[in-house]
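Presented below is the structure to which this report refers.
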Amino acid sequence: MKISHFFACLDRLRLIQRWSLMRNIEKENLAEHSLQVAFVAHALAVIKNKFYQGHLNPDRIAVMAMYHDTSEIFTGDLPTPIKYFNPKITQAYKEIENAAEAHLLALLPKELQADFAPYLDSTQFSAQEKHVVKQADLICAYVKAQFELENGNQEFKAAKARLETLMKTWHSDEMRYFIEVFIPSFGKPIDEITL
């Protein structure tokens, strides 16, 4: 059998630091972020189905979210101000991300590629699935910014304001539900959230 480097590459997610241009009270790596996004994306899909006439597959969305930033194994975590500096850079970076996704998928044994492609190849995601994963990504970034600010790190003030604006753009009923029901618990002491 031929050796595959796929999971060794995924293991590198824990080495990629997010928010790399900002001082962090608590560092966050891409593996941690991806798991949190998967939790939130799954919840958003369940909430949409339960309360807002959705027809999403929460399990599929959770796995998509687990893999949503895996292209950064090859590209690194490009800071947002650079990624969205102008439309040409944004488009070029999207092409790089697509090439990185294809390369990662090609690291799998050929017999497994078709089974993983629906979660790794963003061209196979529906607009609604992408929307839910993006919402989860924004919520998790917002939670991080809020944590940093609550712990005295003013470096995240502009990031939180930018995220609040983006969250309004990506808003949905399920996102509002999640924010109202779950976000207030973040930052509370362990004794308050476990009793």
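Backbone N, Cα and C define each Cβ position, glycine as well.
DSSP assigns Asp77 (substrate binding site) to coil in the three-state reduction, outside any helix or strand. Residues or ranges marked as substrate binding site by Swiss-Prot on the basis of sequence analysis: Arg18, Trp19, His33, Asp69, Asp77, Leu78, Pro79, Thr80, Asp137.
Taken from Swiss-Prot, the feature divalent metal cation binding site applies to His33, His68, Asp69, Asp137. The local packing around Asp69 (divalent metal cation binding site), expressed as other Cβ atoms within 10 Å of its Cβ over all shown chains, amounts to 20.
Per-residue pLDDT, averaged along the domain 'HD' (30-142), amounts to 94 for this model. What Swiss-Prot lists as domain 'HD' is 30-142, and the listing cites sequence analysis.
All protein chains included, Arg18 (substrate binding site) registers 19 other Cβ atoms within 10 Å of its own Cβ. According to Swiss-Prot, the site 'Appears to be important in orienting the phosphate for catalysis' annotation covers Arg18, on the basis of sequence analysis.
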Greatest CA-CA distance (Å) over the residues Arg18, Trp19, His33, Asp69, Asp77, Leu78, Pro79, Thr80, Asp137 that the record ties to substrate?
-> 16
Proximal but sequence-remote residues of the same chain as His33 (substrate binding site) (Cβ under 8 Å, at least 6 apart) | Arg18, Asp69, Cys140
Neighbour tally for Pro79 (substrate binding site), based on other Cβ positions within 10 Å of its Cβ = 14
Just going by other Cβ atoms within 10 Å, which of the binding-site residues Asp77, Asp137 has the emptiest spot?
-> Asp77
Euclidean distance between Cα atoms of His68 (divalent metal cation binding site) and Asp137 (substrate binding site), Å | 9
Over all shown protein chains, what is the count of other CB atoms within 10 A of the CB belonging to His68 (divalent metal cation binding site)?
-> 25
